[in-house]
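Over in Swiss-Prot, the protein carries these features:
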BINDING   Gly115, Val116, Val117, Gly118, Asp119, Thr139, Ser140, Lys152, Lys161  NAD(+) binding site
BINDING   Glu194, His256, His275  Zn(2+) binding site
Amino acid sequence: MNAPSIAQDVTTVPVSLGNRSYDILIGKGLVDRAGEELAKRLKGVRVAVVTDENVAKAHLERLTASFAKAGVDVTPVIVAPGEKSKSFGTLETVTNAVLAARLERGDAVVAFGGGVVGDLSGFVAGIVRRGMNFVQMPTSLLSQVDSSVGGKTGVNTAHGKNLVGVFYQPQLVLADTEVLDTLSPREFRAGYAEVAKYGLIDRPDFFEWLEQNWQEVFSGGAARTQAIAESCRCKAAVVARDERETGDRALLNLGHTFGHALETATGYDSTRLVHGEGVAIGMALAHRFSVKMNLCGIEDAERVEAHLKAVGLPYRLSDVPGGLPPAEKLMDYIAQDKKVARGALTFILTRGIGQSFIAKDVPPAAVLGFLKERLETK
């Protein structure tokens, strides 16, 4: 079978997973070309487009027109915006909507939104009829560079974030960089935390490039597409090595152990903290904790903080509005982290910028003492 032809102005990043490999297409105008791109790959399918109220208002009409032009029948399923939609209740609502539309296993669920919509929709696609086709159309910077790639899906519980879900790969990812122009500055900054993360994991050259070019990434120049594509390449390489997070893939959680604890502590209240902001603080804390453990030089931790501060991201616990619970309570949330194995704490720590590693059996007393110190740091 011949590979589908792709417009010249679109960057393609392959995700190599054997017979479950797929492409990430990155460029402007992909919302208007979505019907054409999907019809090339999944002939004769009907789709449920899962989106949130904000994205629906801004972009759904264009997307449904694109599908109609390609002869693709669409059932829109609209959920409330925000982290609170990553719940069992919303999962049931969306599942019932897909079943009510009589969509079959060979049809597709299309996630048209940010990370919440993508995680929720992928879970639905993975469990309805034991697995439907799945297409990611991420509309936030965070979802374009991170959550839409690699097949992680799921919902939150009262015990913590992303504790229930499945690995379920999409057949296609369409990342329209034009829709990022409609994001609020705060949403864009939050997504940028995940971009910076790739440099901090194992690409010091990329982090240095971001330090020099972040303003053009924010303003929407060619550097934006370059940053998104490079981030996707970084993630695709890790996912190809370790799809189900039994080893290296855990590196992608740099900043997330602390960050998820902060999200849980703030009740997933987006007026106080959104995911990318939690990750930004978490990455700064991971570097500071690495300094405390004599793994990393103070100058690298300060460089990370300086960059986060320059782009307008929070980097201290005191940056979380409304205060935080005591260190002991934060430790309770950390103990629920997915990377905990046989009760031992696992963190992604670093020996310097671009030198992150998986640290197992991290002493809880050291983490507790560190959190107490940072809670007192203004």
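Glycine residues also receive a Cβ, built from the backbone N, Cα and C atoms like all the rest.
Feature annotations (Swiss-Prot) mapped to structure.
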{"residue": "Gly115", "record": "NAD(+) binding site", "Cβ contacts under 8 Å, 6 or more apart": "Pro138, Ser140, Leu142, Ser143, Asp146, Ser147, Ser148, His275"}
{"residue": "Val117", "record": "NAD(+) binding site", "Cβ contacts under 8 Å, 6 or more apart": "Val50, Thr51, Asp52, Val55, Val79, Ser85, Ala111, Ser143"}
{"residue": "Asp119", "record": "NAD(+) binding site", "Cβ contacts under 8 Å, 6 or more apart": "Lys86, Ser147, Lys152, Thr153, Gly154, Val155, Asn162, Gly165"}
{"residue": "Lys161", "record": "NAD(+) binding site", "Cβ contacts under 8 Å, 6 or more apart": "His260, Glu263, Thr264, Tyr268"}
{"residue": "Glu194", "record": "Zn(2+) binding site", "Cβ contacts under 8 Å, 6 or more apart": "Leu141, Leu142, Val145, Asp146, Ser231, Gly276, Val279"}
{"residue": "His256", "record": "Zn(2+) binding site", "Cβ contacts under 8 Å, 6 or more apart": "Val279, Gly282, Ile348"}
According to DSSP, collapsed to three classes, what secondary structure does His256 (Zn(2+) binding site) have? helix
Based on the record's binding annotation for NAD(+) (Gly115, Val116, Val117, Gly118, Asp119, Thr139, Ser140, Lys152, Lys161), what whole-number value in Å is the widest Cα to Cα distance? 21
For the recorded Zn(2+) site formed by Glu194, His256, His275, name the remaining residues of the chain with Cβ within 8 Å of the site's Cβ center, in chain order. Leu142, Asp146, Ala193, Lys197, Gly255, Gly259, Gly276, Gly278, Val279, Gly282
Assigned conformation of Lys161 (NAD(+) binding site) - DSSP reduced to three states: strand
Hey, does DSSP put Asp119 (NAD(+) binding site) in a helix, a strand, or just coil? helix
